[in-house]
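Accompanying notes for the structure given below.
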Protein chains: 2
Amino acid sequence: MKTTIVSMALATTLAVAAGTAGADSLRDQARTMFSAVPQYPPVIDGNELTEDKVELGRMLFFEPRLSASHLISCNTCHNVGMGGHDYLPTSIGHGWQKGPRNAPTVYNAVFNAAQFWDGRAADLAEQAKGPVQAGVEMSSTPERVVATLKSMPAYVRQFEAAFPGQEDPVTFDNMATAIEAFEATLITPDARFDKYLRGDNTALNEQEKEGLALFMNKGCAACHGGVNFGGQGYFPFGLVTKPGAEILPAGDKGRFAVTETASDQYVFRAAPLRNIELTAPYFHSGAVWSLEEAVAVMGTAQLGTELADDEVHSIVAFLKTLTGQIPEIRYPVLPPSTDTTPRPAPMTR
Amino acid sequence: MKTTIVSMALATTLAVAAGTAGADSLRDQARTMFSAVPQYPPVIDGNELTEDKVELGRMLFFEPRLSASHLISCNTCHNVGMGGHDYLPTSIGHGWQKGPRNAPTVYNAVFNAAQFWDGRAADLAEQAKGPVQAGVEMSSTPERVVATLKSMPAYVRQFEAAFPGQEDPVTFDNMATAIEAFEATLITPDARFDKYLRGDNTALNEQEKEGLALFMNKGCAACHGGVNFGGQGYFPFGLVTKPGAEILPAGDKGRFAVTETASDQYVFRAAPLRNIELTAPYFHSGAVWSLEEAVAVMGTAQLGTELADDEVHSIVAFLKTLTGQIPEIRYPVLPPSTDTTPRPAPMTR
């Protein structure tokens, strides 16, 4: 995967004269590298998005009783009102612990090839099981989650409706499947860039088009391509020049922890750049608040290029055209705790 | 106020034979003590509920950046998906501190005569300023809040729309006014009891009607009357018999801290009982999870009566008819943090 994408980037750099392509050829080039966010959620193999399942997933996504403390829900760190994350360098979890990495946005996450900064979860269902159990995040257990959900009759009925024909539908796996179904609906179509890609020349101004050309021709698009402008492959952070320890802390070796392969040290998933305007601070360390600074760091670290100020500004202007329409989200009505609901345990672990 | 209500309870006890009133006289009696939750928000003197102001209030209610940590919003402890509170004995706040008292529900709070368990805030606008500044809750300051809101152009525009004609509308007071406007829309009409009150005899079953009769004739309604079944007056917890320290901790003297009057020791606002089925655990200490136990404690502590088991069950059955329709709430889209937004300060104080 990695090799293929780098080769494509080289080919791109050779094929297009920097910043001088006409409007149509600019779009033609962009169409070979990117695609628009669709209007409707994608089909997920083995997880049909029925109304009952998406509704169950909505309830679970906002359900703080999936955490031991009864305080933290998926939405706490992946806040759908705040670009799908928490505007924190790294998240605050159980017992006010500091999480190890910046929370990625849930918006359009369904389009990523794998989940987490190190890609350790193959899909959103697998991802959903992680934070629920992580001691530093929600600090619960599958047994506690199932006991909690089974203690509330409205949840049992909703699981039965979402997973018809199953004898014992209230399971940890089905919880994750339902959350994935809801999260698949969290997509943001109709960004200005997508309108441009579809043929609307007025959707981007000249500076934004200049930024798009630079983004493709400088090599950014090599890693940040596809529908999500990233999220598809893994790359060493500091491919050319390692950034400082404040941005790339020595203790977090990235994908190496997953693969235990030496070449995966400090390798991370290329961040998806959709709605990047809404997802500061940047990088897995959450160390950089300014999008301008993040772009400049990428230039030196990944491309070995000192981008000029006006190039940075043009690329940032372009990146802001990737902000899509946030879907309207109804807050779910969650059932009351009952006498058999495991009590909140804010001080465990 | 207190004297008046106690006298009314005595009159009630004398006027009606316990539990034997016919269907129509039961309703007639109930109509003298309670009223239905209206279909539309009430008029608030000096705070017109314009669409722009309610929308601003919705944004602010869900805005975690009103807290120093950027983690805690009004909705964290007054969760609109969970009966308007957090299903915790006492809330978790800044730095994972434990709050001093059980979080009251935000639903129908607009109908309370004053806010907080000790009534120290005259209205919801005054209330809203408390948790934002409390070190144990959101731990922010008015200056920080205003700087935060002014750093985001979308907020400035929304304040201008909500408070037209004001030269500098982004103020801490206007924040509170807008939150009050949104919270005034958080009402739950059409409880089964309200349908009964309006004339539908089939809305309550026999046990529930028996519970209603007991609730009025044993004296519960003396403190828990009006539209909100409480929230109107202050009474000593343990009027007849003091409950144990696990329910009434010695260190929390209630309204005494507000009035510094000896007779206000261990005096608290009579809890509003609307949606009581959704607001466990009970009492200012949040020490009792079972509604049956809470009713029994009230019998001995406030009325000096050991209620029989079947009486407790009937009263609880009746109380569950006070669960109304939760309004449909759209999650707001909050603007992104900018370069000038004060950074999250999770470790301050």
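In case you wondered, yes, glycine gets a Cβ from its N, Cα and C as well.
What TrEMBL says about this protein:
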BINDING   A:Cys74, A:Cys77, A:His78, A:His94  heme c 1 binding site
BINDING   A:Cys220, A:Cys223, A:His224, A:Met298  heme c 2 binding site
DOMAIN    A:52-160  domain 'Cytochrome c'
DOMAIN    A:206-323  domain 'Cytochrome c'
SIGNAL    A:1-23  signal peptide
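Structure with TrEMBL features highlighted.
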residue: A:Cys74; record: heme c 1 binding site; DSSP (3 states): helix
residue: A:His94; record: heme c 1 binding site; DSSP (3 states): helix
residue: A:Cys220; record: heme c 2 binding site; DSSP (3 states): helix
residue: A:Met298; record: heme c 2 binding site; DSSP (3 states): helix
Packing count at A:Cys74 (heme c 1 binding site) (other Cβ atoms within 10 Å of its Cβ): 26
8 Å Cβ shell about A:Cys74, A:Cys77, A:His78, A:His94 centroid, heme c 1 site members excluded: A:Ile72, A:Ser73, A:Asn75, A:Thr76, A:Asp86, A:Ser91, A:Gly93, A:Ala103, A:Pro131, A:Glu137, A:Met138
Length of the line joining the Cα atoms of A:Cys77 (heme c 1 binding site) and A:Cys223 (heme c 2 binding site), in Å: 26
CB within-chain contacts under 8 A for A:Cys220 (heme c 2 binding site), separation at least 6: A:Leu214, A:Met298, A:Leu303, A:Ile315
Neighbours of A:Cys220, A:Cys223, A:His224, A:Met298 excl. site residues, C-beta within 8 Å of centre, heme c 2: A:Phe215, A:Gly219, A:Ala221, A:Ala222, A:Gly230, A:Ala270, A:Leu273, A:Gln302, A:Leu303
By Cα-Cα distance, the member of binding-site residues A:Cys74, A:His78, A:His94 nearest A:His224 (heme c 2 binding site): A:His78
The domain 'Cytochrome c' (A:52-160), counted residue by residue under DSSP: helix, strand, coil: 50 helix, 8 strand, 51 coil
Largest separation between Cα atoms (Å) of residues that the record links to heme c 1, namely A:Cys74, A:Cys77, A:His78, A:His94: 15
Cβ neighbour count (within 10 Å, all chains shown) around A:Cys223 (heme c 2 binding site): 25
Arithmetic mean of per-residue pLDDT over the domain 'Cytochrome c' (A:206-323): 94
Cα separation, A:Cys223 (heme c 2 binding site) to A:Cys74 (heme c 1 binding site) (Å, whole number): 28
Inter-residue Cα distance where the pair is A:Cys223 (heme c 2 binding site) and A:His94 (heme c 1 binding site), in Å: 34
Maximum Cα-Cα separation in Å among residues A:Cys220, A:Cys223, A:His224, A:Met298, which the record lists as binding heme c 2: 11
Number of other Cβ atoms within 10 Å of the Cβ of A:Cys77 (heme c 1 binding site) across all protein chains: 24
Listed in sequence order, residues with CB under 8 A of A:His78 (heme c 1 binding site) and six or more positions away: A:Gly84, A:His85, A:Asp86, A:Ala103, A:Thr105, A:Val106
